[in-house]
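> Supplied in structure tokens, the structure appears directly below.
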Amino acid sequence: MLGEKLALSNINSLRSFEVVDEEETGGPYWEVKLGRLDSLTASQEDSDNIMPSPTSNATTLITLFQRFNLTVKDLVALSRSHSIGSEKPDPTIDPGFKAELDKQCPLDVDQNKTLNLDSTPFVFDNQYFKNSEQSI
């Protein structure tokens with residue numbers, strides 16, 4: 001059985017599991033029982049068909065979320081649930097901002113280098129949204 005960590009939409013995006021384990025985030029905490037409660041099987045094909053692609057645009061994401069009775073507000077909150085941790089720069093972002101990121105992650109040095117998603121990468125807070133409002 002293929003675990004959800006290997007689903008196409010999650011590859012290279014689950015670093016936050018380790019970060020949360022290692023750091024005290026100050027966010028909400030509750031015990032989660034391990035194992036599947038929704039199915040006795042896992043399907044990568046099903047996951048790939050219902051999970052949004054990392055390159056999905058806003059219209060596609062809204063449509064996908066509506067299929068599960070989720071709102072745009074839900075979309076915003078869940079899309080940035082990865083604001084704890086770090087990731088590789090997106091090559092499709094604003095060219096000026098990308099140039100700044102390229103200085104920190106030169107292509108000829110380390111392809112696995114990641115950058116913090118906001119100025120408080122180990123704290124459960126709204127800094128990502130504050131930065132987004134300021135186009136940072």
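Glycine too: its Cβ is placed from the backbone N, Cα and C atoms.
Copying in the features that TrEMBL gives for the protein in this structure:
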- 9-136: domain 'Plant heme peroxidase family profile' (DOMAIN)
- P52: substrate binding site (BINDING)
- H82: heme b binding site (BINDING)
- D118, T120, D125: Ca(2+) binding site (BINDING)
> Report the mean pLDDT of the predicted model across the domain 'Plant heme peroxidase family profile' (9-136), rounded to a whole number.
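Across the residues of the domain 'Plant heme peroxidase family profile' (9-136) the model's pLDDT averages 73 on the 0 to 100 scale.
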> Tally every other Cβ atom lying within 10 Å of the Cβ atom of D125 (Ca(2+) binding site).
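Summing over all protein chains shown, D125 (Ca(2+) binding site) has 15 other Cβ atoms within 10 Å.
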> What is the Cβ neighbour count of D118 (Ca(2+) binding site) at a 10 Å cut-off, with all protein chains included?
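The answer is 21.
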> How far is it from P52 (substrate binding site) to D118 (Ca(2+) binding site), counting Cα to Cα, in Å?
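Here the two Cα atoms lie 23 Å apart.
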